[in-house]
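Asks: Just dropping this structure here.
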Amino acid sequence: MVAAGVPLGVLLRLCRVLLFLSQFYILSGGGSLNLEQSQPLAQSIKDPGPTRTFTVVPRAAESTDIPPYVMKCPSNGLCSRLPADCVECRTNFSCVYGKPVAFDCTVKPSVTCVDQDFKSQKNFIINMTCRFCWQLPETDYECNNYTSCMTVSCPRQRYMANCTVRDHIHCLGNRTFRKMLYCNWTGGYKWSTALALSITLGGFGADRFYLGQWREGLGKLFSFGGLGIWTLIDVLLIGVGYVGPADGSLYI
């Protein structure tokens, strides 16, 4: 009954006062805690921060490649017979040239060899002659041929060749070297064939044609071998090897 008698204007004023007090309480710090707690959450949602990228590096697989020198190394053969590319030796450069010397050697990885009793071996001794690789005889190394020089010239021409020591030969120093050699290449001409043609058909220039000397061959053909004199001279010159192929190569 009493509430019913309260004027409507008074109730409106009370509501405004309560609303003002609640806003003042919130602004004065009562709701600051909630605002501070909600602010980082909102910031974390709006600003995720710098992005970190993690790169996963796969673990390197163990190498299973076979070293190239293994192809030259016979499996389970005698260690002392292995090629030089299959072993590592402690060389002694103070040895006396031309004298026997023993070097301590070890097989390279992935190489298997045995001793005289067929037992597995890693360390062994190699007996060799004390000399550098470029001092070896010509049969112990291979050199490239140079086909642009004349082998039948006087004086005999020489050229700079690249030489490599054979696999089963052991020596001091570099196994690849350069050396001055005489021109010794061949074009496939046979001395016996040239001499036979000079004796039988030399009057018609067959020997000169065979050696690639066309002008001399035509001269012998139309002069009937220089009336036989040129034929006899060519037999002697080819017989002693003075006349050779026109390309400057050696006979085989």
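A Cβ is built for glycine as well, from the same backbone N, Cα and C atoms used for every other residue.
Pulled these features from TrEMBL for this protein:
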type: SIGNAL; residues: 1-30; note: signal peptide
type: DOMAIN; residues: 188-235; note: domain 'TM2'
type: TRANSMEM; residues: 221-243; note: transmembrane segment
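Give me the structural setting of these features: burial, nearby parts and distances.
Replies: DSSP assignment over the domain 'TM2' (188-235) gives 39 helix, 0 strand, 9 coil.
For the transmembrane segment (221-243), the list of distant contacts is 152, 191, 194-195, 198-199, 202-205, 207-208, 211, 251: same-chain residues at least six beyond its ends, Cβ to Cβ under 8 Å.
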